[in-house]
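Below is one structure, written out as structure tokens; comments come after it.
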Amino acid sequence: MMSKLGVLLTICLLLFPLTAVPLDGDQHADRPADRMQDISSEQHPLFDPVKRCCDWPCTIGCVPCCLP
């Protein structure tokens, strides 16, 4: 009985190797800074269309900043 289970386990591992299972480490990391570069500054909620720049804070990815 145990030898039959061993043979079955061996066949399963040969047919479906563990490397074929996707792991969490294989997924790309989420990069919010890269996503923010894809957004146009004119569509940013802090963009002032009259001044043609972004109000404070300037560290959230909206350029150009309105400097005083």
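Even glycines carry a Cβ here, placed using N, Cα and C.
Per Swiss-Prot, these features apply:
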- Cys53-Cys66: disulfide bond (DISULFID)
- Cys54-Cys62: disulfide bond (DISULFID)
- Cys58-Cys65: disulfide bond (DISULFID)
- Pro64: 4-hydroxyproline (MOD_RES)
- 1-20: signal peptide (SIGNAL)
Lowest local Cβ density among Cys53, Cys54, Cys65, which the record lists as disulfide-bonded residues, within 10 Å: Cys65
Alpha-carbon spacing, Cys53 (disulfide bond) to Cys65 (disulfide bond), which is rounded to whole Å: 5
Cβ packing number for Cys66 (disulfide bond), 10 Å threshold: 15
Distance [Cα-Cα, Å, rounded] between Cys66 (disulfide bond) and Cys54 (disulfide bond): 5
Pro64 (4-hydroxyproline) to Cys54 (disulfide bond) - Cα separation in whole Å: 6
Surrounding CB atoms that lie within 10 Å of the CB of the residue listed as '4-hydroxyproline', all protein chains: 12
